[in-house]
Structures are given as C-alpha cells and as structure tokens.
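A quick write-up on the structure given underneath.
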Amino acid sequence: MSRQADPTGRRSSALDWLLWCTAGTLVFAAHAGAVALMLQQPEEPLADGAPPAAIMIELAPEPVASKVEENQITPDQQDAEEVKSEAVQKPPQPVEPPPVPQPPEVQPPEPTPPEKVEETPPPPPEVAEVQPEPPPEPEPKPVEEPTVEEQVTKELENVEVPLPVTRPVQKPVETADTTPVKKKQPKAAPQPQAQKAQREAQAEVTQSDRTAASTTSSGLFSSSVSPQKWQARLAAYLERRKRYPSEARANKEEGTAYARFQIDDSGNVLSVSISRSSGFPNLDQATVDAIKRSSPVPAPPPGVSKTITVPFRFNLK
C-alpha cells in the first residue's frame, strides 16, 4: 500500500506547482492588460484643475497551499525504489558497430618538374662585310706596271705634248711683229683646256687597247701579286679614269664619293653603287661612270673579296 500511495503524492505536488504557476501567470496578465488599457486611453482634460481620479486595482487573493500528507518511506521501500529506478533508468547500452575500414589514402603522384628546354641562342645578325677603304697612294712606279701600259703612255705623251704647244707658238714668231703677238695673247689662255680635251679624247680612243693590254698582263701576274699591291694598283687604275664633270667644276663642287662594286675572277665589273654620297649628284654620277669605264679592272689575286669599296675625291686644287 505504501508503494501505491507514493505516486499519488508526487502527482499532487506537481498539480500544486501547476496551479501556482497558472495563478501567477493570470495575475501578471491581468496587470499587464490593465496597464495596456490605461496607456491606450487618451487623457481627459481636468476640469477646474481637479486632481486626477484614482485608479482601483483589484488583485486576486493569493492561493493557499493545501497541506499534503507526507508519506513516510521505510528504508526497505527506499532501497527497492532505488533498485527499481536504476533498473528503469539504465537503458540497454547500444552495441557499437564495428569500425568501418577506411580506404588507404592514395597519395597523389608527385608532379614531375617540367623539362628544361634549352633555348637556342638566336643566330648572330649578319654583318655586312665592310671593306677597308684603301688609303690614297701615289701612282705606282712604272717598273711595277706592265710594259704594254708603259709603251702606250709614252706614245700618248709624245702625241699630246707637241701638238697644242708648237702650232700656236710658231705662227707669231714668223711674223716678227710684236703687235700681232699682243693681240693673240688672250687666245693662248685656253691652251690648257684644249690640251685636256685632246688628252681625254685620245685616252678614250686608246681605252680599248689599254683594257686589252691590262687584262692580258693582269692574267699573267695576278696569282703572284699580294693583296696590298693589287689594291694600290686598282686605286691607281681607277684614278686615271676619273673625270671631273664640267658642270661640277663650274659650280665649284668638291667632295668625296664612295663607290661599292663587285667583280668576277677576271676583273669584269658586275654591279656598282654609291655607298656614301658626296653631296652632289654630278660627282656621284661621275664616280659610277668612272668604274663602268674601267671595266675590266686588274684581276684580283686568289682569296681576295670580290666586293670592293673605293673613295673618289674631287678637288679643284
């Protein structure tokens, strides 16, 4: 009987606790509702400065806790309840599932380092072969030049010198009068120009003979000539064929033009161009014409570059 009375006592205490909580909640709700109504109502103006009306609040009476008979529990009953509560409270322990075998960690393959590609250095830029400008040298001695050219030059000198000098000088001597000589003195001034014109004409007439002789003679000794001697001979050969343009002379044009030309093994000129201008078109054209007029030039010795750069200086002095 004592065991059956125990649950009823617990139920009564729980009901009392619920009643108290409910009563307190209702009281608090009533107060809160009254305060809310008071705040919502507009204030009425007081007549004649009378004090505001008093507000009466009725509170519910406090509930009186009912006395509950306490049931005394014997030690045997307490031990039995403890055993029962332990038996009820101890739930069956869940069986732990066997651990799931974890898959082995797959390590990602190590990234292979990129192969170093050897960068091939760019080829060096092709540098145009610059031929050294041969220094101007005096005309070679007649001993080094072939005998054929010496004979031709001697014949030209014999022909050029007496013709313009003897004819105009002999005529005034025959008259034996001083007056005609004075009148003809201005005509003697253009003698150098006439001499130069005759020399140029005779040089052009005998040019074919000279070129033929130079080719035959150069073919004989080209293999035994050193590059330095050949360059000196070539410079003198081109210098003799240089012509100062009359228009440039009249305009007092002076300068140095550098010509670049290419030859073959026999000395024939294949191409010619101006590598550095003198600043005057007449002098540049005279340089190109001189090289074309000189073809074929003395044959180069073996091992010498066939592209040549030669300066042509034009000075009025």
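Cβ from N, Cα, C; glycine included.
Caution: TrEMBL annotation is automatic and unverified by curators.
Note that the structure is a prediction, hence the values are computed from the model and not measured.
As given in TrEMBL:
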type: REGION; residues: 66-228; note: region 'Disordered'
type: COMPBIAS; residues: 91-112; note: compositional bias 'Pro residues'
type: COMPBIAS; residues: 120-137; note: compositional bias 'Pro residues'
type: COMPBIAS; residues: 187-196; note: compositional bias 'Low complexity'
type: COMPBIAS; residues: 211-226; note: compositional bias 'Low complexity'
type: DOMAIN; residues: 229-317; note: domain 'TonB C-terminal'
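Mean model confidence for the domain 'TonB C-terminal' (229-317) is a pLDDT of 89. DSSP labels the residues of the domain 'TonB C-terminal' (229-317) in these numbers: 31 helix, 25 strand, 33 coil.
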